[in-house]
Amino acid sequence: MNEASERPNHFIRHIIEEDLAQGKHSFIRTRFPPEPNGYLHIGHAKSICLNFGLAQDYQGECHLRFDDTNPEKEEQEYIESIKRDVQWLGFAWSGAVRYSSDYFESLYGYAIELIQKELAYVDELNAEQMREYRGTLTAPGKNSPFRDRTVEDNIELFKKMRAGGFAEGAACLRAKIDMASPFMIMRDPVLYRIKFAEHHQLGDQWCIYPMYDFTHCISDALEGITHSLCTLEFQDNRRLYDWVLENISIDCHPRQYEFSRLNLEHTLMSKRKLHLLVKEKKVTGWDDPRMPTLSGLKRRGYTPASIREFCHRIGVTKQDNQVEMSALEACIREDLNQNAPRALAVLDPVQLIIDNRSDEKEWLTVPNHPNNPGMGHRQMPFNRVLYIDRADFREEANKKYKRLVLGKEVRLRHAYVVKAKYVEKNAQGMITAIHCEYDPETLNKDPSDGRKIRGVIHWVSADDAVPAEIRLYHHLLTASHADTCLFLEAFNPESLFIRQGFVEPSLANTQEGKTYQFEREGYFCTDKDSSEKHLVFNRTVSLRGESALYDL
């Protein structure tokens, strides 16, 4: 796969180029501001590629800033995983890692300024009363009875909030805007709430925490962000973003621009829902290869280049749409087709015994990649007793079946032509061995008498094959549109199949994360659960869809 050499052309790029041309900005600075309440998923990759990519393209900067204003749900583990994921995707943030909590003292000062300008007040309505007073989309809200407190009272009460003088939920700081606004976000939104929780960076220094909409815009301004990019669900929040910056004493006024989020079929794009899958033990963890997290995709065998290419292809628009999983799979197939060495593996083994061959071992020289001589060659042992895949043999079959059938011939990949003679079965009628004869004159060449050999199957030497656990993955959810289903009920119980098979001996010393094409089976990655005595491989993606095996 060749990563796109041309810059993607989209509306945000047009905005930046116009800003630069008109002299509005001489330098571009973006930011990626995740909340550290879970592991990043493929949806975040779109934002990472956009923000860091724009900074790279325009010789600017991109900050990594953790929006750490909700201490009850945030953990240092998530911070470390997010940093690893950004670096794994191939990006580097400018300067030190930043935290919204770095600005808590400044944010507090701006809150005091809003109180002094009679643009904020301490409210003591409880949550239920506040919902009642807010009104609906068709009915205006009504003012809180605490809305008209004096500046002095509000400052005193706000300081009392900071000092821990109120219980959680007993008071909050609200902006004083317009309870009759047609935009719910502008009906006196909460700016600060009380939380007695240990903060992963600051410990117990604070018991009041700023809300996202208050923190986000000021943090952008303090960092000199020129283009604040977020997804469409924050479109209405832009009104509050601008209102805050227009009403405090701060010179920098970044602009917020929204783009469509990534919606991918048969999976989840919500850290909250993914967290629940982990909690309910539907999956083994955040890096389960079925998960759409970047750590899960990495473990499954996806490469940074394939994910960057995927983000390039889906583009940046304001139109919400559902992206088919096949679009992501196409990117990793192209990447691994070019870069993954080939190997032979049998997922559902049955013995193939060559009756007219001695027990002497033969070593075959096999290319590691059919189209890339630079990847070199390997030696593969060929013996009298082999394993082939059970699906590659039938006692009877129609003419469309191009694999091994009793009385007919097939080629063994990289080796000889064989003809099936008879089978052995156990008491239950299952085939335990297939007996055949081989043509010793057909090593990597056609029969001399002109016989046409229609099919090719793969194999491994029974004496030398290495046992391996093969994990085959399918969609995480049975429903294609996750937002319209009860996702726990839609969890696919058949999202994982485990096969006990064999791989060729050259893979005995494989390393975690190493990817291969198992010929005729798909692309596979060595899992972290592998050990010297127990190899484990994850299927990254099939060759050309689930029926690929039957096309060969």
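Positions of Cβ are set from backbone N, Cα and C atoms, glycine also.
Record features (Swiss-Prot):
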type    : residues                               : note
MOTIF   : 34-44                                  : motif ''HIGH' region'
BINDING : 35-37, 41-47, THR231, 261-262, 269-271 : ATP binding site
BINDING : ASP67, TYR212                          : L-glutamine binding site
MOTIF   : 268-272                                : motif ''KMSKS' region'
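Just so you know, the Cβ of ASN37 (ATP binding site) picks up 17 other Cβ atoms within 10 Å once every protein chain is counted.
Only GLU35, from the binding-site residues GLU35, ILE42, LYS46, place their Cα within 10 Å of the Cα belonging to ASP67 (L-glutamine binding site). Sequence-distant contacts of ILE42 (ATP binding site), defined as residues of its own chain at least six apart whose C-beta falls under 8 angstroms from its C-beta, comprise LEU262, LEU264, THR267, MET269, PRO292, THR293, LEU294, LEU297, ILE307, PHE310, LEU328. Annotation note: ASN37 (ATP binding site) sits in a coil segment as assigned by DSSP. Geometry remark: LYS46 (ATP binding site) versus TYR212 (L-glutamine binding site), CA distance 21 Å. For the motif ''HIGH' region' (34-44), the predicted model reports an average pLDDT of 97. Using DSSP to sort the residues of the motif ''KMSKS' region' (268-272) gives these counts of helix, strand and coil: 2 helix, 0 strand, 3 coil. For TYR212 (L-glutamine binding site), other Cβ atoms within 10 Å of its Cβ number 16. Other C-beta atoms found within 10 angstroms of the C-beta of SER270 (ATP binding site) number 15, with every protein chain shown included.
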